[in-house]
């Protein structure tokens, strides 16, 4: 068709990516975000990365202490990538559509933070949970189950918090960096 855009999907895609966030989420008074606010949001991101580092360094020895065979430890480590494959895109879409009075990202960051705290408690007390559920002796299947459950929740919660935190930084700095 003469005069028609030969690649309408590209034109519509570029318009969608260059769209600013809804007005209710933009900075109202100035285009510059206060340093204190940026530091608070980046401290969340730093905390998430610190959590990943702790998970990688401390949980493998704890897995071995619980008696999980070495061949199964690598399967447990698949929790993170598998949960990230599904959780981050899902939470991203949900947070983009969120109309909470607390903002689009903050409810997901708070929910993820609460889940992180719960999962760390489950992981740290998995041997005790297993004992309360009836584990006795060297074989502790209930403790292993509690550990794997807590580990999976930790991975889901980290992924649930990480995406909205990065998006919140982008939302906060949109006006400032878009002005260049």
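Cβ from N, Cα, C; glycine included.
The annotation region 'Disordered' is assigned in TrEMBL to 1-30.
According to TrEMBL, the feature transmembrane segment maps to 38-63 (among others).
Long-range contacts of the transmembrane segment (75-95) within its own chain (CB-CB distance under 8 A, at least 6 residues past either end) are made by residues 55, 63, 68, 104-105, 107-108, 148, 151-152, 155-156, 158-160, 162-164, 167. Taken from TrEMBL, the feature transmembrane segment applies to 75-95 (among others).
Feature annotation from TrEMBL assigns transmembrane segment to 107-127 (among others). A Cβ distance under 8 Å defines the sequence-distant neighbours of the transmembrane segment (107-127), meaning residues of its chain 6+ beyond its ends; these are 44, 51, 59, 62, 66, 91, 94-95, 98, 100, 140, 143-144, 146-147, 149-151, 153-154, 156-158, 160-165, 168.
The transmembrane segment annotation in TrEMBL covers 139-157 (among others).
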Do any residues of this chain, six or more beyond the ends of the transmembrane segment (38-63), have a C-beta under 8 angstroms from a C-beta of it, and if so which?
73, 76, 80, 109, 113, 116, 123, 147, 151, 154-155, 158, 161-162, 165-166, 168-169, 172-173
